[in-house]
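K.L.:
Checked TrEMBL, it gives:
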type: BINDING; residues: 97-98, 122-128, 190-194, 259-262, ALA316; note: GTP binding site
type: BINDING; residues: THR128; note: Mg(2+) binding site
Amino acid sequence: MRIIHGSGYSDEDKRGFIKLVYQNIFMAMQSMIRAMELLKIEYAESSNIEKAELVRAVDFETVTTFESPYVEAIKDLWADAGIQECYDRRREYQLTDSAKYYLMEIDRVAAPNYLPTEQDILRVRVPTTGIIEYPFDLEEIRFSYLSDLERIEKPDFLPTEQDILRARAPTTGIIEYPFDLDSIIFRMVDVGGQRSERRKWIHCFENVTSIIFLVALSEYDQILFESENENRMEESKALFKTIITYPWFQHSSVILFLNKKDLLEEKIMYSHLVDYFPEYDGPKQQDVPAREFILKVYLNSNPDPDRMCYSHFTCATGPQRDAIAAREFILRMFVDLNPDSEKIIYSHFTCATDTENIRFVFAAVKDTILQSNLKEYNLV
C-alpha cells in the first residue's frame, strides 16, 4: 500500500531494509538446515555439513552485515542437491515464501552497493507490533534472496525495491493506515491473523464499512505454524466464517482477496488440490475450477441474506490453466462459508509482489467502498 498509494520508499528508507533482507536469507537457510535433519535428507556434498553448521550458529535476528564466508556458505548450500530436495518438500515444514526469491538474488543482495528494490521490500518478513500509520493517496495507483547471495554479501549492499517487496513480516497487534481520497478520509486497519493475535482485535471493531480478508491460495497443502497437524487453509476458512458471522460486522461488506496466485500456478503442477480437499472434483492441474471451488466454500459461509456476494478474478490469463482451476476451487470453498446469500462479498485474485496488479485491484476496491456508501444513503 505504501509503495502504490503513498510516497513509496526513499533511498534512506530502503537502506533500512538491508539488514532485514540479510536476516531473511539466514532465516530461510536455517529453516532448511533444520528441515534436513527432520526429513532425514543427506547433503549431496559432505563439505556442506560444516557450512550448514556455520550458518546455523548465527542468530539471524542480530544479523546486520553479510560477510563473504557466510555468502559463500549459503550459496554452496543452496546449490546442494540435498537442500534442493528439502526445498521441494517445503510444505512439510515452515519456510517463508520469499526464500527462493532471495536465494536466487544473492549475488545482487551481497553487492557492496546493494539498495533494496520494491520487490525486495515486499518480500521481507519481520515482526510488526503496535499501531503504525502510513498516509497514502489511493489515486496513485520472482525472484529469490538465497540465489542472489553474491550481491547481498558485498560491503556496500543496498536492498533493491525487489528485495524490500519480497520481505515478509507477520502482522502482530493492530496497524492503521489512513489515507485521503478526494477529501474523504479512509482508514485501513491491518490486524494479525495468527491465533495468538486474534484476541487482540476481534472485539475492537464496530461500524466497519468493509472487511478485506486475504486468502493465500498457495497454502492449501501447508500446515499451521501453531499446529503441525492442521491445514492452513482450513484454519483460514474457520477464521473467515467467524468474521463473516460476527455481529459487529453484520453490515460490513466483504472484499475477499485470493492472493499468491503466482505461487499457486507453480505449485498446482505437482501438488494436487484433491489430496487435501477430497471434495474437489475438478482437474488436478487446472487452477480455474480449483479457485471457483475455493471461492464458493468461502462465500457460502455468509449467513446474512442482505449481504450480497461478489467475486472478481484478475490476472487469470496465461498458459497456467491448471493453477486457474485450483484457485477457482479455493475461492469457492471460501464463498461457500457464507450462509447469507445477500451478504456482499467481493473477491479478487492478487499477487502482492505485482504492483500493477495490486494497483488495478485497489482501484476496484475504491469504487466498491464508495458505491457501498452511496447505496447506503440512497444516493444511487
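Note: Cβ is positioned from N, Cα and C throughout, glycine not excepted.
A TrEMBL annotation is a machine prediction, not a hand-curated record.
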K.L.:
In the structure shown, with every protein chain counted, which of the binding-site residues ARG123, LYS260 has the densest set of Cβ atoms within 10 angstroms of its Cβ?
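P.N.:
Of ARG123, LYS260, the one with the most crowded Cβ is ARG123.
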K.L.:
For ASP97 (GTP binding site), just count the other CB atoms lying within 10 A of its CB, please.
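P.N.:
There are 21 of them.
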